[in-house]
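Copied over from TrEMBL, here are the features:
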- 63-273: domain 'ABC-2 type transporter transmembrane' (DOMAIN)
- 87-105: transmembrane segment (TRANSMEM)
- 111-134: transmembrane segment (TRANSMEM)
- 155-182: transmembrane segment (TRANSMEM)
- 194-214: transmembrane segment (TRANSMEM)
- 221-243: transmembrane segment (TRANSMEM)
- 329-372: domain 'CDR ABC transporter' (DOMAIN)
- 347-368: transmembrane segment (TRANSMEM)
Amino acid sequence: MLEAIGAGSRERIGPTDWAELWRQSENFARVKQEIAEIKEDAARQPAATDPNANKKYATPFMYQLRVVSERTLTAFWRQPEYGFTRLFNHAVVALITSLTFLQLGNSTQELQYRVFTIFMAIMMPLVIVSQVEPMFINARMTFIRESSSRMYSEFAFALGQVMAEMPYSLLCAAVYFLLFYYPAGFQYASNRAGYQFLMFLGIEIFSVTLAQMIASLSPTILIAGLLNPFVMVTLHTFCGVMVPRDSIPKFWRSWLYQLDPFTRVVSGMVSTEMHGLKITCSPLEFAVFQPPQGQTCLQWAGDFVNASVGYLDNPDGTSDCRYCPYEYGDDFYENLGISFDTRWRDFGIVIGFIVFNIMVTLIASRVFKFSKR
């Protein structure tokens, strides 16, 4: 059609000027008359008094948020490979970890294993961010395409993405917790297990919101993927597990160690798991010494044991005194600067990081359009 009237890439077909023919037709005159009547009718109408008539968006924010969240959930449901892959990864990693550290005991070596199992939980963000970021960026492309229609705002889009991820986060956290926590032999008391589940859920939501924050600041999936190793390596290196706190260079320890959200995760989970845990050293873990002749182990080393931590395995013995450096799990983690009294503070800080991620995502979604072709 465009080529026939001369508006295409080629010259007009035939001698007829179709535009001029339209302007000379009766149909053109009727359309002009109808337009004039519409204008006259509009001029006779009273001025609009509806305060919502001149708003940027036709619907209120909460309505936008509800519709966008439902639409995003529907989009996720129609991509079952996303939810299934994420759930499968959580289940497999949890099983591998729990079966590797199956029913941990209370020896000194197994205290370190308990820390490693907790560290494996904060390795899950490596997997989560790589799955969430493409979903966010692809959805943003749709939002940019539809933004000129003013159907919903940038804040509704970003919050809708966050809210749509919550059911998946809750399910994945529950599956990981059940397949990891009890097989590994962690403490069963409700006040311990309940806190640990909340922290698992906090890790999950933090990972999702971190991925969305990175994606909102990245123009493409490729750029977001290039940022992930730098962010993840930094968070895992300075949380105090891979490099003990006292071994971290002073410059980094003074601020980055404290700023790392995984520091709070490790602190809260380690103190909750080990608080009040009675330690039983294995035979190879005892420090063996000989008391002076005529004295028992308690008589010779009692003052030292009372002034420090640990216990004597044979206080009444007169030879081969066996000293265990830890009596309770608290003796182990207090040397790392961790306290059971601050575990809820640590959980609150994790929530604060989640809120920060969401705020940055909202602002970045508003400021950065990334719509240039």
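Cβ coordinates come from backbone N, Cα and C, glycine included.
Keep in mind that TrEMBL annotations are predicted by a computer and have not been checked by a curator.
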Exercise. Which numbers of helix, strand and coil residues does DSSP report for the domain 'CDR ABC transporter' (329-372)?
Worked result: 36 helix, 0 strand, 8 coil
Exercise. Which bits of the chain, at least 6 residues beyond where the transmembrane segment (87-105) starts or stops, bring a Cβ under 8 A of a Cβ in it?
Worked result: 113-114, 116-117, 120-121, 123-124, 127, 131, 168, 171-173, 175-181, 183-186, 280
Seminar exercise, completed: Per the Cβ filter (under 8 Å) with a sequence gap of at least 6 from its ends, the transmembrane segment (194-214) is approached by 121-122, 124-125, 128-133, 136, 158, 161-162, 165-166, 169-170, 172-174, 176-177, 181, 186, 224, 227-228, 231, 261, 265, 268-269, 272-273, 343, 347, 350-351, 353-354, 357-358, 360-361, 364
Seminar exercise, completed: Sequence-distant contacts of the transmembrane segment (111-134), meaning Cβ under 8 Å and at least 6 residues beyond its ends, amount to 82, 85-86, 89-90, 93, 97-98, 101, 104, 165, 176, 180, 184, 186, 200, 203-204, 206-208, 210-212, 214-215, 218, 221, 224-225, 228, 231-232, 235-236, 239, 241-242, 262, 265-266, 269-270, 273-274, 279, 326, 329, 332
